[in-house]
């Protein structure tokens, strides 16, 4: 069923497959949905959401010193008087003991520092996100669920973001729940967008014109030069560029909105922040509409449901069971590929470090350097701009110095170590006496933001490409789903540990020591990976497992033999494997 006809159009591989050519409107719908999500990723999760959570908690919190005095005094004093009093309070707080002057809240009867509240929220959010991704990702590749889930997650996430405008300090826990919902929907949206990418490329007229219907190149490991992969990379790169451009534009508009709202002199400082999140949610909602109109359903292979008399589980639970078993089988297969699982461990640590550095830096700027919302938004723009520069610069640097992909990744990690080490300089008495260096002044965080963005511009592309060389051809979707789950799941660990450090010590600066260790841990793991050996092992496993097969999956098959369709992105294990293990 996989052979092309004389016009270069391949026959459907399974019943119901949509092989209609990828059109420009469909691509525009995909781009629009992606940049809509990217706006919230940068403007929401990357800057305004953590600041809003911390500010809401601060407005509801009290000083740790007496447990009674509100952290924020709401009054109708003149603006000049309020500014003068804030300056005096800031000076006195710097001289006082950090822990006694810390602002705390007591959710569920436990004392939590307000910066820790934001960190715990995002830690829980990415943990829930990982569980959701495991539960639906494989199922989304079957039937007509792909577009439904994509739009469902996007619209729910946009709605949760817009609902932040209705939250006030007295119900700050609701803000945490809404943020968790938004983060979960954001990650799920990106995963579903990625699942569209190979389908859009495979059905694109350019690929059809050059396709000969032969899948042997993919099995032999030559997939890296295929027209489909090249076009997929081009579409992905354009999507990333458009997403960043839209995020920067929205960030600039958000700063303008903040300036206007500041003039309104709201009693609560969190009010302008919540209106900015409302604006971001509206952008997410409106820019998803073209995807709803123009994206095709692109259904996957049918997923037959067990007959009711064969299982007492509801249909929904059967699908979830199928999804978890699919992921578990991918994990089992990954353990057979030593180079692959070593990289996944390194990626677990590295992605955790990336997420934790970003969140910690924003909260450090907010609480330790007392930066306002607009300077933090400018910091985000600085990081995005340097990220775009890094995306173009790292390939040039690699070619100039003859660096392999592995060496480039290690260079990026070493450069990222500058961020926590620079923050730790603030503990040295000589540096501390200078009054600058070691993140003692506001201006110092902007060069570090540039470094962070520049490094991310290299890591985001090189890690994904590096991983693609050591996974079995024909099982890319399953292994990239594992890659995404590792990415999202790991990000729950670092922020939680930083939150505990802040709660116990009373300041964020000691967390830089933990970050330095976290960034350093994956460096030797990446160094020890043999890419050539990993690629050969992956190709050998792909040949041994077989490529293709019946594309209709029965969930009841799990009770007898684990058999998966590689053309749908899942692994196929023959019954011979089970016999060999016995």
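Our numbering is plain: 1 for the first residue shown, then up by one each step along the chain.
A Cβ is built for glycine as well, from the same backbone N, Cα and C atoms used for every other residue.
Within the set 299-320, 409-430, the record from TrEMBL flags 409-430 under the feature transmembrane segment.
Between the stretches 218-239, 240-261, TrEMBL puts its transmembrane segment entry on 240-261.
Against the transmembrane segment (177-201), the recorded stretches 341-364, 409-430, 445-467, 479-502, 508-529 differ in Cβ pairs under 8 Å, and the greatest number is found for 479-502.
Against the transmembrane segment (376-397), the recorded stretches 117-137, 445-467, 479-502, 508-529 differ in Cβ pairs under 8 Å, and the greatest number is found for 445-467. Touching of the transmembrane segment (479-502) and the transmembrane segment (341-364) is concluded from the presence of at least three CB pairs under 8 A, sequence neighbours closer than 6 excluded. Across the candidate stretches 117-137, 240-261, 273-295, 445-467, the maximum count of CB pairs under 8 A to the transmembrane segment (149-171) is reached by 273-295. Taking pairs at least six residues apart, the transmembrane segment (508-529) and the transmembrane segment (273-295) share fewer than three Cβ pairs below 8 Å and do not count as touching.
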